2 protein chains.
Amino acid sequence: MKTLSVALGARTYSIQIGMGLLSDPELYRSYLQGSQVMIVTNETVAPLYLDRLRQALSDYRVQEVILPDGEQYKTLDVWNRIFDALLDARFGRDCTLIALGGGVVGDMAGFAAACYQRGVAFIQAPTTLLAQVDSSVGGKTGINHPAGKNMIGAFYQPRAVIADTATLETLPQRELSAGLAEVIKYGFIRDAAFLDWLETHLSEVLGRESDALSHIILRSCEIKAEIVAADELEAGQRALLNFGHTFGHAIETGMGYGQWLHGEAVAVGMCMAADLSARLGWLSGADLERVRRLVASAGLPVDPPPEVSAERFLELMAVDKKVLNGQLRLVLLRHLGKGLVTGDFDPDLLSATLHAWDR
Amino acid sequence: MKTLSVALGARTYSIQIGMGLLSDPELYRSYLQGSQVMIVTNETVAPLYLDRLRQALSDYRVQEVILPDGEQYKTLDVWNRIFDALLDARFGRDCTLIALGGGVVGDMAGFAAACYQRGVAFIQAPTTLLAQVDSSVGGKTGINHPAGKNMIGAFYQPRAVIADTATLETLPQRELSAGLAEVIKYGFIRDAAFLDWLETHLSEVLGRESDALSHIILRSCEIKAEIVAADELEAGQRALLNFGHTFGHAIETGMGYGQWLHGEAVAVGMCMAADLSARLGWLSGADLERVRRLVASAGLPVDPPPEVSAERFLELMAVDKKVLNGQLRLVLLRHLGKGLVTGDFDPDLLSATLHAWDR
């Protein structure tokens with residue numbers, strides 16, 4: 001088992017990474033206060049892992065709420081079902097929510113924990129690669145609004161993240177690839193050596209070799225924890241983590257939630273942000289080709305869908321949270337391994353990037 | 001103008017109390033950052049004060065969202081209209097929400113500010129006595145769930161509270177009395193001398209003499225600010241502020257939101273909590289009579305509605321947020337002017353109190 005600490009003062013918590021952690025009763029004991037535990041999971045994950053977790057929690061009063069599976073269900077109404085379950089069970093302020101599932105479950109359960117009776121304890125038990133390397137770490141929680149993704153939410157830290165690598169064995173290949181988009185992202189924005197490693201070892205990762213999986217989860221969480229610890233409320237450099245996300249959110253919203261996986265949209269978004277970085281003269285043509293090759297090798301798309309026009313992209317990007325005082329800010333690459341947040345670019349170059357794909 | 005500071009470290013803010021503050025453009029300038037301002041108000045308050053506030057904000061890009069008036073509208077769906085308006089207007093993270101209205105508007109707008117893009121700036125402009133002395137101070141925000149009041153919410157501090165006493169001139173008498181319930185509460189739990197003052201000057205307050213109103217608003221905010229500063233997240237003594245509220249919430253929920261005003265339910269709740277305190281030997285019969293007389297003189301009810309049975313009270317109180325590890329905790333009076341939070345009482349005495357009203 002590998003342990004990593006996310007240093008956030010009074011809200012410091014640890015990330016545990018390893019095989020079979022979900023079934024270890026001892027692991028939960030130190031994080032649970034009261035006797036009431038609400039497991040929030042979804043229809044896909046429940047048949048696979050709910051029993052395993054319930055058994056590990058046999059000393060507690062455990063209830064569960066099973067949500068439908070998919071980003072399109074990350075809505076106010078589905079979120080409200082968690083409160084229905086908590087109030088049906090008459091759970092008090094000392095209860096703990098455990099998010100068992102991917103990013104959508106984690107986002108909704110975390111946001112419900114942030115708001116139930118103005119805040120109760122919360123543990124992340126991510127079961128997808130995406131959730132293990134990204135969404136379970138950092139305290140961002142929330143739901144979507146028809147007009148924009150993650151527009152309603154809270155910064156709310158878990159008591160712990162328990163990442164059981166055994167859960168990745170059942171993960172569909174498409175979702176494994178989607179998780180890899182965020183893994184690759186960490187290399188692009190922060191760690192050129194990790195990029196080299198990924199290019200060399202991608203086949204082991206795709207083959208789900210456990211050492212390779214543990215390595216990418218740990219390194220991803222290290223980079224994310226470091227950035228989050230320095231900027232919990234996203235006042236500055238935390239925005240680096242949004243590399244590929246402003247373009248990506250536009251794809252997700254433009255196509256309708258649930259059509260593209262988040263990681264797939266981010267993968268294309270990274271290629272688009274790299275394209276703009278190249279137009280600014282920061283990346284060479286060879287760099288750009290390297291970005292696209294690594295993304296494609298991970299089984300991810302590199303081109304935006306023809307359904308989302310350049311104009312629609314701009315419109316959707318204008319409501320993105322990265323807009324400050326009306327100015328669109330993007331995460332671009334100064335070079336491979338170094339991202340930067342900037343609003344200081346020629347809008348014509350952005351337009352050129354958006355029109356570069358013949359649509 | 002009287003100014004009071006609520007000392008909460010980085011979240012410290014000031015309360016401004018005085019005649020005509022709503023129309024003072026200078027007052028807002030120091031609290032607004034970006035140019036985007038969303039006024040959240042309701043159908044009753046908008047015709048009275050919206051223009052006045054808009055004029056004071058003529059230098060900003062101001063939008064408004066007008067909610068229906070009443071506690072029964074403090075729901076997830078109505079709350080969502082604030083996000084609809086913010087997203088329609090394409091407001092970014094640097095926008096400011098101003099709550100113009102009573103407690104319901106303040107609770108919903110504050111909770112929306114806490115959650116919009118994971119947190120934007122927020123100013124309280126309370127227009128009822130209740131909101132000026134209680135709900136606008138302390139950072140509690142939230143909405144109701146059919147199974148319980150304020151079950152979904154956040155602790156979120158405003159940038160400032162602007163309490164314009166001129167707005168009380170149009171307040172219906174019933175609502176003035178409802179606000180007085182919280183004013184009297186501060187005397188009961190913390191300040192016997194303030195109780196004496198209220199008994200002597202109640203007619204001036206009910207006659208809306210401006211000096212008397214300013215005095216009770218300032219003294220109420222002072223006491224609340226002192227308690228909140230010592231315990232922002234309600235880990236301990238802040239619960240004192242819930243004197244009368246556990247019984248009161250049961251009345252509000254039992255009768256259906258919108259039937260009883262919050263202050264009316266709290267008024268009865270204080271009489272019930274005083275009754276239990278007397279059964280514990282902490283108040284004399286004369287004390288109890290004094291409690292009931294002051295509450296009644298303020299134009300408030302002193303007896304619970306016959307529709308809510310003793311059994312229903314217990315049931316509703318069991319889901320109250322003051323339940324810790326399954327034990328019901330109440331705020332009782334050790335003597336007049338001193339409240340205390342305790343779960344250490346004989347349940348039979350609580351039952352005797354609930355059955356004392358012949359229903």
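Counting begins at 1 with the first residue displayed.
Cβ atoms here come from the backbone N, Cα and C positions, even for glycine.
Among the features that TrEMBL reports, NAD(+) binding site is placed at A:69-74, A:103-107, A:127-128, A:Lys140, A:Lys149, A:167-170. Look at TrEMBL and you will find A:Glu182, A:His245, A:His262 tagged as Zn(2+) binding site. Summarising the annotation, TrEMBL assigns domain '3-dehydroquinate synthase N-terminal' to A:65-177. The feature domain '3-dehydroquinate synthase C-terminal' is assigned by TrEMBL to A:179-323.
What TrEMBL annotates, mapped onto the structure for a quick look.
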residue: A:Asp69; record: NAD(+) binding site; DSSP class: coil
residue: A:Gly103; record: NAD(+) binding site; DSSP class: helix
residue: A:Thr128; record: NAD(+) binding site; DSSP class: coil
residue: A:Thr167; record: NAD(+) binding site; DSSP class: helix
residue: A:Glu182; record: Zn(2+) binding site; DSSP class: helix
residue: A:His245; record: Zn(2+) binding site; DSSP class: helix
residue: A:His262; record: Zn(2+) binding site; DSSP class: helix
Revision key, fill the gap. Apart from the site residues A:Glu182, A:His245, A:His262, the 8 Å Cβ neighbourhood of the Zn(2+) centroid comprises A:Leu130, A:Asp134, A:Ala181, A:Lys185, A:Gly244, A:Gly248, A:Gly263, A:Ala265, A:Val266, A:Gly269
Check your understanding: Which whole number is the mean pLDDT over the domain '3-dehydroquinate synthase C-terminal' (A:179-323)?
Key -> 92
Point to revise | Fewest other Cβ within 10 angstroms of its own Cβ, chosen from the binding-site residues A:Thr128, A:Thr167, A:Thr170 | key: A:Thr170
Exercise for review: Among A:Glu182, A:His245, A:His262, these being the binding-site residues, pick the one whose CA is nearest to that of A:Asp69 (NAD(+) binding site).
Suggested key: A:His262
Study note, to complete from the structure: For A:Glu182 (Zn(2+) binding site), the closest of the binding-site residues by C-alpha position, picking from A:Gly103, A:Gly106, A:Thr167, is A:Gly103
Study note, to complete from the structure: In chain order, residues whose C-beta lies under 8 angstroms from the C-beta of A:Gly106 (NAD(+) binding site), counting only those at least six residues away in the same chain, are A:Ala99, A:Gln124, A:Pro126, A:Ala131, A:Ser135, A:Ser136, A:Thr141
Check your understanding: Between A:Thr170 (NAD(+) binding site) and A:His262 (Zn(2+) binding site), what is the CA-CA distance rounded to a whole number of Å?
Key -> 19
Check your understanding: Given the binding-site residues A:Asp69, A:Glu182, and counting only Cβ atoms in the protein chains shown, which has the most within 10 Å of its Cβ?
Key -> A:Glu182
Point to revise | Among A:Gln72, A:Gly103, A:Thr128, which are recorded as binding-site residues, the nearest neighbour of A:His245 (Zn(2+) binding site) by Cα | key: A:Gly103
Point to revise | Cα separation, A:His262 (Zn(2+) binding site) to A:Gly103 (NAD(+) binding site) (Å, whole number) | key: 9
Check your understanding: At the Cα level, what's the spacing in Å between A:Thr128 (NAD(+) binding site) and A:His262 (Zn(2+) binding site), rounded?
Key -> 12
Revision key, fill the gap. Excluding its own, the Cβ atoms lying within 10 Å of the Cβ of A:His245 (Zn(2+) binding site) add up to 26
Review point. Between A:His262 (Zn(2+) binding site) and A:Gln72 (NAD(+) binding site), what is the CA-CA distance rounded to a whole number of Å?
Key: 11
